[in-house]
């Protein structure tokens, strides 16, 4: 590192990663040992290490044992030190990550939209990189990987298993034959992207409701104001009939009072409209609705 003239902060990050990797593996290259084993033995070991973790994911828990074995075979160990960015919002998603130990922070700004921020903590048994699921399950996907909707950062040292995009695509192609509407609902329920979109949708409905209530109250108050104006006009007529001699003075006084009431009512209505306009201006943060995964049977599946 000194030969490459790396800055001190990068050197410290490299040292922390090497130290954590040694503590996690005790200096043993497990991947090399697994690759040297027979296929059947390697499959059994991977199943023992990964099956329980994979089954914690509700989406994968619907699969049969054969597909679960296929997933376990393709999972690779992944280590991350504190402060490491797994993926940043807008970057291509290259893998799904299943957490074994540690905690990750998953946050989004909805593409940099001002005033929007959502953050959750991922713990052992959770997963990230769910954008790959929709990409892999769509019948006509492009070669371009999906963009991440969230920024994922390690809060502490994290040990996880990674399922790369090409391996997930293979499993998804097999899984699409097991079409099920229940699986579509399961995917949406446990997807953080779908949950964030649903929260924004509920907020928008609540704001529309508040706007309707405010507009209704404004209409009622304005009608009361007009009724008061009519009462003042009737009082003026009665006063003129009872005392014609003081009509000039009385009319002047009533006119001033009427003018004052009108001004106050006008100001009140203006302020109420301004409040209603503020509620109208607070639009829903238009988080793009996630794509629906496709579990339908294709013609060539028969």
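Backbone N, Cα and C atoms are what each Cβ position is placed from, and that goes for glycine too.
Copied over from TrEMBL, here are the features:
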{"type": "COMPBIAS", "residues": "227-245", "note": "compositional bias 'Acidic residues'"}
{"type": "COMPBIAS", "residues": "281-292", "note": "compositional bias 'Basic and acidic residues'"}
{"type": "COMPBIAS", "residues": "293-302", "note": "compositional bias 'Acidic residues'"}
{"type": "DOMAIN", "residues": "59-142", "note": "domain 'Cyclic nucleotide-binding'"}
{"type": "REGION", "residues": "227-257", "note": "region 'Disordered'"}
{"type": "REGION", "residues": "281-302", "note": "region 'Disordered'"}
**OP:** Kindly report the helix/strand/coil residue split of the domain 'Cyclic nucleotide-binding' (59-142) according to DSSP, in that order.
**Re:** 20 helix, 28 strand, 36 coil
Original post:
Taking all residues of the domain 'Cyclic nucleotide-binding' (59-142) together, what is their mean pLDDT?
Top reply: 81
